[in-house]
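This structure is in structure tokens; I'll ask about it shortly.
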Amino acid sequence: MTKYIIKRFLMMIATIFIIATLTFVLMHSIPGSPFDDERTSNPTIQANLEKFYKLDEPMHIQYLYYLKSIVTFDFGPSIKKPNESVNELLARGFPISFELGMVTILVALLSGIILGTLAALRHNGIIDYLAMTFAVVGISVPNFVLATLLIQQVAVNLEWLPAATWSSPLHMILPTLALATGPTAIIARLTRSSMLEVLTQDYIKMARAKGLSPIRIVIRHALRNALMPVVTIMGTMLAGILTGTFVIEKIFAIPGMGKYFVESINNRDYPVIMGSTVFYSAFLVFMLFLVDIIYGLLDPRIKLHRKEGDA
Amino acid sequence: MTNSQNVVSPQNVQDEWFRPKQKEEGKAEAVVRPSLSYWKDAWRRLRKNKLAMAGLVFLIILAFLAICGPIFSPYSVDGTDLPNQNKAPSATHWFGTDELGRDVFTRTWYGARISLFVGVMAALIDFFIGIIYGGVSGYKGGRTDAVMMRIIEVLYGLPHLLVVILLMVVMGPSLTTIIVALTVTGWVGMARIVRGQVLQIKNYEFVTASKSFGAKTSRIIRKNLLPNTMGPIIVQMTLTVPSAIFAEAFLSFLGLGIQAPFASWGVMANDALPVILSGHWWRLFFPAFFISLTMFAFNVLGDGLQDALDPKLRR
Amino acid sequence: MNERKKKEKKMITDEKVLQVNNLQVSFRTYGGEVEAVRGVDFDLYKGETLAIVGESGCGKSVTSNAIMGLIPQPSGIIKNGNILFKGKDLTKMSKSQLRKIQGVDISMIFQDPMTALNPTLSIGEQLMEGLLTHKKIGKQEAKKKAIEMLKLVGISNPEERLKQFPHQFSGGMRQRIVIAIALICDPELLIADEPTTALDVTIQAQILELFEEIQQRKEISIILITHDLGVVAKIADRIAVMYAGKIVEIGNKREIFYTPEHPYTKGLLNSVPRLDLMEEELQPIEGTPPDLFSPPKGCPFTARCDYAMEVCDHVYPSTTKLSEAHGVNCWLQDDRAKVLLEEMTFGKEGILSSSLPAATDV
């Protein structure tokens, strides 16, 4: 297990390094460096930029300073907002986005797994058809469409729930719903198909032959095996939810990192784009690393490495 | 053990039945179902899947409208008509007009062009890169394979949409950029699948077997390799299309997509946001409706193909 | 009857553990209804091993699943007949009543030990789970019993092994564990569905020895589902031959091996390689079993039978009793057929009586 974790950890560092380098190269390949004078009208900002990015040094030195700034978790100043650094924006926006993302993933996991399991247990029954109809529709409707529909119908027409911001649990319902529907649908489909496969396995037949109750068979014998594929897609799912927060925060006017990120894209605020991209990528890759470890814990076959690793 | 369905019971059978039965040649084998060719069989099973067929029919109609729709319309994509701003659907403007008086009907089919083009191009380019990379990796094996797979593993860990956003920022929004950005990250999945298929083929005994029987290479490829490998690849392509369409809409919605005067469904939905609360429902409805339906159609078609092409499920 | 005498140590009593009467099981599929089991009768005595043999798809596994209450719902239906376990009808029981018998009084061993164990649960958990569900005992006691069972099936170092997972065991070891799981609640009836098919030949022999040893110790009744006549020859007391959802011949091991009467049984025996037969005498049965979507009205073997008569196509034969244990369903047993048969064999140099050289040894 230790060996497995170390291997995964090194992979994670490599991936972050690649993303950081890619970001650096791409940003510096923009015709007329993004840090040129014309881009900024403010001399204070220009001075800040030059100081931070060592723009007077040769490129490879700049690159080294850049890597150092990433290791020390300092993403530099913003171009458009004179007295703010990317770090400050992240500190302000990220907790909100994180909350939105976590609530979403919890809702999606819980409802997706329950829905998928019920559908598999009632294979070709009414619940199955309803769940799968929901799943295909949920996958097909883009979250920004769903979000707008929810605001228009539930918030404006029916006036049941507040339409914007992130100020109370009540405010959280619509954005979470809009963001979680797609992932829920994907998880439900995946759980259903892998559950259907697991239920035909001999060890389930054996569990039934032991005279165990159906609930025990599903929870103890089937679910854990059926959830393996769900765990493996958690990485991609998290990435999807994270990018989803960009549009959801834009539509619901939630002051999260996604909103700042979209703003920075529209303003071409390059340091913010660079900083957030690297930060988000590092965050995602770290989550992927966690997912891999969870997978290792769930599947005893991966522990094979333990003896070599610990000895 | 008397079967109740029998009219005659064992007790009262006629004596003349006790004479040798004429053996009919090959009758014992006759119960085996006639074997169909792989593609015919797959097509037969796809046709049975009503949802997938509905998706296919919808996509054919959509493709037709995307190509011919704008021709039927008297309006152009970017023809502004300021007196007729934000008009609800009517006999003259079937899908209404937007804030510049442009005809939503015409723009919707232009949007379909963009979406389908982006989706299909992304899938095709993914396919070619994937076939080459995955093919080489799987065919060479050994060290080459190990290195190529390690690269894929790292690339797979990259957050795709973030890289796409970064590329869009750097290269500036345009149709080409979108396709390039989507394929730069998208081919990885296809390469993995192709490699898996190639590795599988290498181990198939029937390939060696048909070779030893002196079968022609072209015949081996057509009869054995294609049916056994194309299934997952076709399914992957079918599912790449909707995700590319979604990515385009997503980018356009963020303001990174196709720029005016072109219309894409994502751009139209984004433009509709500020006015949606003032009751101009058609502005969002049509692009949103067609995006959703197209994604739906591709998804059900992909599912249907998966069921129809999976040789393991063949009976 | 010298059969009984020889196996006296095995204590086969006259007490019927299981009676299966006119069992009919069907499956609803997209292609229509498959009549998998079409009227099966047999009894099973305490301490005896009954082998059910036949080609794949003949309904032997469905029969055993029906006894175990494992017919997949809702596609599978028991259309007719009953299964009496110690006098109680299993087909009439509710699912929760059935669960009190499954794994406790009747248990089952599956074909492939590689898939029969849950990969994510430790061996110990899988062993003790049945005990803890059915018997009112504590964890410590269950663990003791589990260790005892592992010792019984010949797994060394059981305390350590309890904590391990299935992937840490070899195929033969896993099958031993599966057997231990099946036996841990001291069942009276054990159904073994192809228990050795997936194993190496050397391991097969070990597992069969284990079966015999356990049967001697625990006085258990065994239904052995197999297509391997070698396995049958080794441990069965009685043999039922199934074809296309029906038992076509049943009898003591000697009767079936030395005086088989049904052409299918003979064909089956002729298709097995044996040391006392020359290679050219090995004959496969031509053709394939009938489609059970629309089973034939008469004898299902007609299409493949060398002695088929017109009557075979029209009516299914009733059972002819040849001895106390030996019964066969074949029109050749009819007096009217005997006449015909003499005419036929005359030309063919007595093919029927001498088709099996061993038969003359008796």
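Yeah, the Cβs are placed from backbone N, Cα and C, and that goes for glycine too.
Those TrEMBL annotations? Automatic predictions, nothing curated.
Sharing the record's features from TrEMBL:
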- B:1-14: compositional bias 'Polar residues' (COMPBIAS)
- B:1-21: region 'Disordered' (REGION)
- B:51-72: transmembrane segment (TRANSMEM)
- B:112-302: domain 'ABC transmembrane type-1' (DOMAIN)
- B:114-135: transmembrane segment (TRANSMEM)
- B:147-169: transmembrane segment (TRANSMEM)
- B:175-194: transmembrane segment (TRANSMEM)
- B:245-264: transmembrane segment (TRANSMEM)
- B:284-305: transmembrane segment (TRANSMEM)
Tell me, please, if the transmembrane segment (B:284-305) and the transmembrane segment (B:175-194) are in contact, taking contact as 3+ Cβ pairs under 8 Å between residues separated by 6 or more positions?
no
Give me the stretch from B:51-72, B:147-169, B:175-194, B:245-264 with the greatest number of Cβ pairs under 8 Å to the transmembrane segment (B:114-135).
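Between the stretches B:51-72, B:147-169, B:175-194, B:245-264, B:175-194 has the largest tally.
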Within the same chain, where does the transmembrane segment (B:147-169) have neighbours whose Cβ lies under 8 angstroms from its own Cβ atoms, ignoring anything closer than 6 residues to its ends? I mean 6 or more beyond.
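The answer is 133, 136-137, 177-178, 180-182, 184-186, 188-189, 191-192, 195, 247, 250-251, 254, 256.
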What residues in the same chain, six or more past the boundaries of the transmembrane segment (B:175-194), come closer than 8 Å to it by Cβ-Cβ distance?
114, 117-118, 121-122, 125-127, 129-131, 133-135, 137-138, 152, 155-156, 158, 160, 163-164, 167-168, 232-233, 236-237, 240, 243-244, 247-248, 251, 257-258, 262
